[in-house]
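A.B. asks: Found this in TrEMBL, in case it helps:
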- 24-280: domain 'NADH:quinone oxidoreductase/Mrp antiporter transmembrane' (DOMAIN)
- 57-78: transmembrane segment (TRANSMEM)
- 90-110: transmembrane segment (TRANSMEM)
- 122-139: transmembrane segment (TRANSMEM)
- 145-163: transmembrane segment (TRANSMEM)
- 194-212: transmembrane segment (TRANSMEM)
- 233-252: transmembrane segment (TRANSMEM)
- 264-285: transmembrane segment (TRANSMEM)
- 306-330: transmembrane segment (TRANSMEM)
């Protein structure tokens, strides 16, 4: 992907847009950084100019442009009239940023855009593209609105993925569900959100590396991975860790969020989020069940076609949570 100079340039400007946005001291500077990020990501989406990529690029542009207009209107009203006097401006800013990151109920574009782009762009969309909206939303966090968004994100992220056969849509709804958990982590503290986001990024990287390496786009393709059980095992550990099953690494940030919400006596929201996470574990298990149906036909563990080092790294990343979780339980 980095062999093309224009691709490298757009990656640099996309990264610069995010950095400008999160380091700016004015709302207009933040808006300019978001626009720079948007206009750099669209050529990356449409790199091969296939019909699916063009459709996804158009969807992404229209939704992000709408969110940018709402953000700019809210900022200009806030500049003309003092923010303390302007009741609705912070809500408009939060709405625009939630639409940019794809949180429910503004998630309608996210699975459709994910469906038409490459796995590398899916990874960027699920991780890097959420950094600027998350940090900006922490400046104007409206608690009542955020609680409603957390409920809806965890609900839609878990229910929406149940009947999907496309791996990209499954990962999209998984990302929407994790957005609810990350917003609740941000309600507790920014450091907790940062830790959750870093672990989520590493687990996403492990899962997407496996799926991209095997060119898997549909759930039915997992029936035919017969040549390397090592890949199946690493995909299983990464998937279950992404689902937050103890004692894998993905359970650690969720456990800390559960403790933080318990300390703030948000028991109803906590119960709802845990119940919805069980539904997300169901469709992660669907992925793994189809991959392991023909396990008895396997012959050998290693194959020279695949990067064993990367697969081992993904397994180690997922299993890292076992000693950490054990240590936290004991101490």
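Even glycines carry a Cβ here, placed using N, Cα and C.
Curation plays no part in TrEMBL annotations; they are all automatic predictions.
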A.B. asks: Pairs of Cβ atoms less than 8 Å apart decide it: which stretch in 90-110, 122-139, 233-252, 264-285 has the most with the transmembrane segment (194-212)?
C.D. replies: 233-252
A.B. asks: Please identify the stretch among 57-78, 90-110, 122-139, 145-163, 264-285 with the greatest number of Cβ pairs below 8 Å relative to the transmembrane segment (233-252).
C.D. replies: 264-285
A.B. asks: Out of 57-78, 90-110, 145-163, which stretch touches the transmembrane segment (122-139) the most, going by CB pairs under 8 Å?
C.D. replies: 90-110
A.B. asks: Determine which residues of the chain contact the transmembrane segment (57-78) at the Cβ level, with the cut-off under 8 Å and only residues 6 or more beyond its ends counted.
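C.D. replies: Residues 27-28, 31, 34-35, 38, 41-42, 45-46, 86, 88-90, 92-93, 95-97, 99-100, 106, 109, 112-113.
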A.B. asks: Under an 8 Å Cβ to Cβ limit, what residues of the same chain, 6 or more beyond the ends of the transmembrane segment (145-163), are close to it?
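C.D. replies: Same-chain residues near the transmembrane segment (145-163) but 6 or more away: 91, 94, 98, 103-105, 107, 111, 169-170, 173-181, 183-184, 187, 269, 272-273, 276-277, 279-280, 282-283.
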